[in-house]
Amino acid sequence: MKRIVVKIGSSSLIAADGSLCQKKIDSFVEQISSLQSSGKYQIALVSSGAIAAGLGILGWSRHHITMPEKQAAAAVGQGLLTDMYQKLFARQNILTAQILLNRSDIEDRRRFIHIRNTMETLLRNGILPIVNENDSVTVEEIRFGDNDTLSSLVALIIEADLLILLTDIDGLYTGHPHKDPTAKRIPEVWKITPEIEKLAGNPGSPVGTGGMRTKLIAARMATHSGIDVVIASSSEKDVLKRIMNGEKIGTRFYAQQRMPSKKSWIAYGSKAEGRLYIDSGAINALTHQRRSLLIAGIIEVEGDFDEGAIVEIRSPSNQMVGKGVVSFSAQDLRLLLKRKQQGEKLHNYHEVIHRDSLVILVLDENANYINQS
Ligand SMILES: Nc1ncnc2c1ncn2[C@@H]1O[C@H](COP(=O)(O)OP(=O)(O)O)[C@@H](O)[C@H]1O
Ligand SMILES: N[C@@H](CCC(=O)OP(=O)(O)O)C(=O)O
């Protein structure tokens, strides 16, 4: 069975009067149910709309709103959203489950595995997980901030084959469609180059968060992990079925080679607790010779971490090289660096970051991430 994550943005769920639009939601529910009951797909839904729905029913304006008001609106709106999905999916004999996440739930490896096991259990039992950010309890430091990023992490969690971002526009355009009347849809993206990234602008509607910018970040994370991404219009008739039938609607981003799940978590889910600065020889060994990181290549250690922590690997000029699981504590690494400076050869020490626990995050000359295997 193929696994799909479908993300629906606020702009596709909210009616002009600010309320949840049952007609629109029903159309998604029918489409998702039809795919799920074909027996060919397991689907997880990431649905935005809690804040907008809450503001709508409370009659509160989104302008100059305080954080507690926004979080209160999310608490009200999430209830409305869950209730509507539950009722509409029940009509299609599909049981739904609500999962609300913060970034810290994913950053911690144990919690990540718990979420993965829960999602697996739901999917294998034919229950539809409906995911959103836990907006009403989230503080800035642990926010995803946008559901595009969240949906791509959900795709990593369940090792999806495809991530579909449904929005109020039929794909990525060559310019912001509200500002550039000549802008055209780009049907396919093989590589997310800096030129492609430059095309993505902010939301076009007052209810959207992140616009195309965050959709491209999500697409980068997913495609690098080996998951195809389609951005398509939520109002296109039978959009999900047509995408699954291979019709070229929206913008399709093609995946690179599949990355092992642990590595995609290291790259995009985990939180780095420190930094290792490495010299040019080590950068070359890591990026071109697929070697592990040895103590010999480390110039400086930043932060205070234990062995087993995730750290960033950076160049002397502070460019990101990668991330990985470190085998020594920061204290021990500093000690070893001192001994190295005093002339001691440290050949007997094992890898500081083993290749299998290392993800390279630099692009090659073709704007591809360097092969991880
Ligand atoms: N290059 C672009 N191509 C298409 N849309 C773009 C582009 N740059 C910015 N946008 C805006 O991004 C919007 C979609 O993002 P957003 O409003 O956050 O939707 P959602 O609520 O579905 O996440 C579009 O309606 C459009 O106005
Ligand atoms: N978690 C928020 C939505 C955040 C978000 O990314 O919104 P959107 O850009 O509409 O997908 C909510 O439920 O209101």
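Including glycine, each Cβ sits where the backbone N, Cα and C put it.
Other C-beta atoms found within 10 angstroms of the C-beta of Thr214 (ATP binding site) number 25, with every protein chain shown included. Mapped onto three states, the DSSP output places Thr214 (ATP binding site) in helix. Residues or ranges marked as ATP binding site by TrEMBL: Lys7, Thr167, Asp168, Thr209, Gly210, Gly211, Met212, Arg213, Thr214, Lys215.
Residues annotated as substrate binding site in TrEMBL: Ser48, Asp135, Asn147. The Cβ of Asp135 (substrate binding site) has 24 other Cβ atoms within 10 Å, all protein chains considered.
Taken from TrEMBL, the feature domain 'PUA' applies to 274-353.
If you draw a 10 Å sphere around the CB of Met212 (ATP binding site), it holds 27 other CB atoms from the protein chains shown. Lys7 (ATP binding site) sits 8 Å from Asn147 (substrate binding site), taking the CA atoms of both as reference points.
When the Cα atoms are compared, Gly210 (ATP binding site) and Asn147 (substrate binding site) turn out to be 9 Å apart. The 6 Å Cβ screen around ligand 2 retains Asn147 from the binding-site residues Lys7, Asn147, Asp168, Met212, Thr214, ordered by sequence position. Nearest by CA distance to Met212 (ATP binding site), out of the binding-site residues Ser48, Asp135, Asn147, is Asn147. Rounded to a whole number, the C-alpha distance linking Asp135 (substrate binding site) with Thr214 (ATP binding site) is 17 angstrom. Residues from the binding-site residues list (Lys7, Asp135, Asn147, Asp168, Gly210, Met212) with a C-beta closer than 6 Å to any atom of ligand 1: Asp168, Gly210, Met212.
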